[in-house]
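Just below is one structure, and these are the notes that go with it.
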Amino acid sequence: MRQHCALKHGIFKEFLAEFLGTFVLVLFGCGSVAQTVLSRNTLGEPLTVHIGFSVGLMMAAYVAGGVSGGHVNPAVSLAMVILGKLKIWKFPFYVIAQFLGAFAGAAAVFGLYYDAFMDFTSGILSVTGINATGHIFASYPARHLSVLGGFIDQVVGTGMLVLCILAIIDGGNIGAPKGVEPLAIGLIIMAIGVSMGLNCGYPLNPARDLGPRLFTAVAGWGMEVFSTADYWWWIPVAGPMVGGVVAAVLYYLLIELHHPREEQEKPQQEEAEEDEEDEDDEDSSLKDKYEMITMS
């Protein structure tokens, strides 16, 4: 009974950690986009957005990392499941917490800038047009981007994110100093933002994109958030999941699989040492017996 209660308490803590971590990510990330767009680029620029999402992810990892690992991304959680670093039964709880946290983060940004939204849009919330604001919360493709191109973009971008995260937390690799991992992970987003942001703004996270998109659908933007750009919405949901799986498999096959198996060697060495100690004990006991016989 106690074990069952402890188990429920443990997953509840991890659920709350993932919720709060994703909330922090979206609040800083989408907040930086809102400030840039609503100020008509007078208080922000593309670099502002890159910094907002980078620092947002870093802070999210600091908030949730010690409790749940600070995944704040279903693609990362799925990669951890594949590599055996997260129990599969926990995966749905993590994903639900991440989506709810992203939804709440989007709501917080809208509440924080509500007056600015009304002033910018004259009360008409739209996804397209000169006063479009839907892209503050979710990704939309550039005019040149095809559906296939967008899917590949998300697979590659999320793959690089997960690949680098796995390298940072890998104890068998160089890794990052304890406590500095979130900073290094934040720098990954900065690198992706300045190198892969042209096509669709590097969502890389199904929860971070779909959660705020759902919020915009119910907050006044309507179902246009799903139908725009030939129903683009599923690309930043499916693409990152595929990218996370590909990255996990590649990292395991090309890097992790080739680490020296020290953990497997240590038990063997310990068994050998125990055998030697047993032999020494037997030899000493035989010697003692021999000395006792000769003395008698």
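Glycine residues also receive a Cβ, built from the backbone N, Cα and C atoms like all the rest.
Fair warning: this is a prediction, and the values are worked out from it, not measured in the lab.
Per TrEMBL, these features apply:
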TRANSMEM  15-38  transmembrane segment
TRANSMEM  50-70  transmembrane segment
TRANSMEM  91-114  transmembrane segment
TRANSMEM  151-171  transmembrane segment
TRANSMEM  183-204  transmembrane segment
TRANSMEM  231-254  transmembrane segment
REGION    262-296  region 'Disordered'
COMPBIAS  270-283  compositional bias 'Acidic residues'
COMPBIAS  284-296  compositional bias 'Basic and acidic residues'
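The stretch in closest packing with the transmembrane segment (91-114), judged by the count of Cβ pairs under 8 Å and taken from 15-38, 50-70, 151-171, is 15-38.
Long-range Cβ contacts of the transmembrane segment (151-171) within its own chain (Cβ-Cβ under 8 Å, at least 6 residues beyond either end) map to 73, 75-76, 79, 83, 145, 181, 184-185, 188-189, 192, 196, 199-200, 202-205, 235-236, 238-244, 246-248, 250-251, 255-256.
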